[in-house]
Amino acid sequence: MSFTCLGKEVGCLCSASWLKLARLCRSFCFLFSRYYRSLLLLVNSFCIQVLYFVFLSLLGFWVLKALKPRTSSFSPRDLDLFFTAVSSATVSSMSTVEMEVFSNAQLVVMTVLMFVGGEVFTSLIGLHFRMSKLRWLIKTEEKVTSVDTNLCPSKPTNVIVDHIELGAVADSDSRKPQVEPQFLCFVVLGYLLGVHVLGVAAVSLYMTLVSSARDVLKKKGLKMMTFSVFTTVSTFTNCGFVPTNENMIVFSKNSGLLLILIPQVLLGNTLFPPALRLTLWLMGRFSRRAEIEGLLSSTGEVGYKHLLPSLHSSLLVVTVLGFIGVQFIMFCSMQRDSESLSGLSSYEKIVGVLFQCVNTRYAGETIVDLSKVAPAVLVLFVVMMYLPPYTTFFPARGGEGLPGNGERGKPKRSYEILLENLIFSQLSYLAIFIIMVCMAETKKMKEDPINFNVLNIVVEVISAYGNVGFTTGYSCERQLRRVEGCEDKWYGFSGKWSDEGKIILIIVMIFGRLKKSNVKGGRAWVLL
């Protein structure tokens, strides 16, 4: 009997412990949902993005530091590892150490950072957040409506949903097709995964069939699958990292590989809106779903900035191809017989120059040494890197038809107006960053003026701001006073900067990744 009683007491204690644990879990879930909803409603989207990229960079740095590099003879400093993590998370591909230093595990970590930091993936997260916010507001409104109806049936209720920025709700007019943001999430996710799967398959097949490209990987000790996934993710997200020290210079004669990567560069950034709209149109041809018709005809109500109207998407395609054409003509006219293209056939030169011009806007993969490019072409590249990805020649009167012009104005508080007046334009911030870098590198600009000239610094800062990754590099041959023991390294020009300069460039990369929040900055300044 004593053992039976003891068993019952133990059972009672266990059940009581489980009940307490269940109550704690339920309380935690309730508190988490409350804080999650408060985050959606109260915290500014810009702050959420800043926290996202800072957390991602810190997490990436911690994992990269925990993993060992490929060689034990050299280990990157903590600042360089954090710089690499920020560069991967912000898809900037700025480097301060050689890529072949990283082990296979570290390359996998960088691949994950690039994938979750890419524009398509982050926009998908933003769309999910807005959907969650909409659902919670609708539930809150239903509760308020039911309470008000029970207490005072004749009292009108305020519609909370009217104040939400996301317009992806069913239109009150039954004649219009319904807009389903959840369906758009599935389309974007399918687009994201589909392009990556096809890209990895194409790159892997090319590496398997072409011995010259396969020999490069064997010589450098890179696994084919790691290279294929890493390069595909980096190209689609427009990061520009390549597992080789020389970037794509070692593959300058592999025109087939360059032609495989060119569409991925465009589909992941500058031509993402037209490609998304084309995907929806093709789906509509095979499936007469009302959601597809609603998304195509009501782009302004969806609230997804990457889903542009038909006319704007068409003009975006023309603008992007026009920019590529201008660069192609200028590059061929000035660099046709240059040292950077020596050893290539006419066909290889055409494909290589096209690849270079496509990568100028945000991708950053290169087949030439930019330090040997003509200054006029380099200045053109700087302009291309500065322009936002969806820059479009849109001839509309008074800005009619432009995205955002039809947005409903919301009353602003006094502190919001004050902050808007204090915000500078993007060019002003870039000028400030360039001045800060010049101040931090004053000593090196005096001792090594050819490498540390203002144009090279401008290229590096604009490249970091545009999240491109183009760099002029550093050459020991350009030193006026040759330093003993100087060795040319295959990493960015910023690799030779001081710690202060690298920290400034880290801020520039994060600021550049969030530059869309400052497109309307500097309006308080009136130039007469």
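Here the Cβ of each residue, glycine as well, is placed from N, Cα and C on the backbone.
What TrEMBL records for 41-67 (among others) is transmembrane segment.
Summarising the annotation, TrEMBL assigns transmembrane segment to 107-129 (among others).
Annotation source TrEMBL lists transmembrane segment at 183-207 (among others). Sequence-distant contacts of the transmembrane segment (183-207) (same chain, six or more residues past either end, CB-CB distance under 8 Å): 120-121, 123-124, 127-128, 131, 168, 213-214, 217, 224-225, 227-229, 231-233, 235-236, 254, 256-257, 260-261, 264, 267-268, 275-276, 279-280, 283, 289, 291-292, 295, 302, 304, 307.
As annotated by TrEMBL, transmembrane segment applies to 227-244 (among others).
The transmembrane segment annotation in TrEMBL covers 256-276 (among others).
Here the transmembrane segment (311-332) has long-range neighbours at 266, 270-271, 273-274, 277, 353-354, 356-358, 360-361, 376-377, 380-381, 384, 387, 390-394, 401-403, meaning same-chain residues at least 6 beyond its ends whose C-beta is under 8 angstroms from one of its own. The annotation transmembrane segment is assigned in TrEMBL to 311-332 (among others).
The transmembrane segment annotation in TrEMBL covers 370-387 (among others).
The transmembrane segment annotation in TrEMBL covers 422-440 (among others).
When Cβ-Cβ distances below 8 Å are used as the criterion, the transmembrane segment (41-67) is approached by residues 78, 81-82, 84-86, 88-90, 102-103, 105-106, 109-110, 113, 116-117, 122, 126, 129, 133, 136, 510, 513-514, 517 of the same chain, each at least six residues removed from its ends. For the transmembrane segment (107-129), same-chain residues at least 6 beyond its ends with a Cβ under 8 Å from one of its own Cβ atoms are 40, 45, 48-49, 52-53, 56, 60, 63-64, 67, 84-85, 88-91, 181, 184-185, 188-189, 191-192, 226, 229-230, 233-234, 236-239, 241, 243, 268-269, 272, 304-306, 389, 513.
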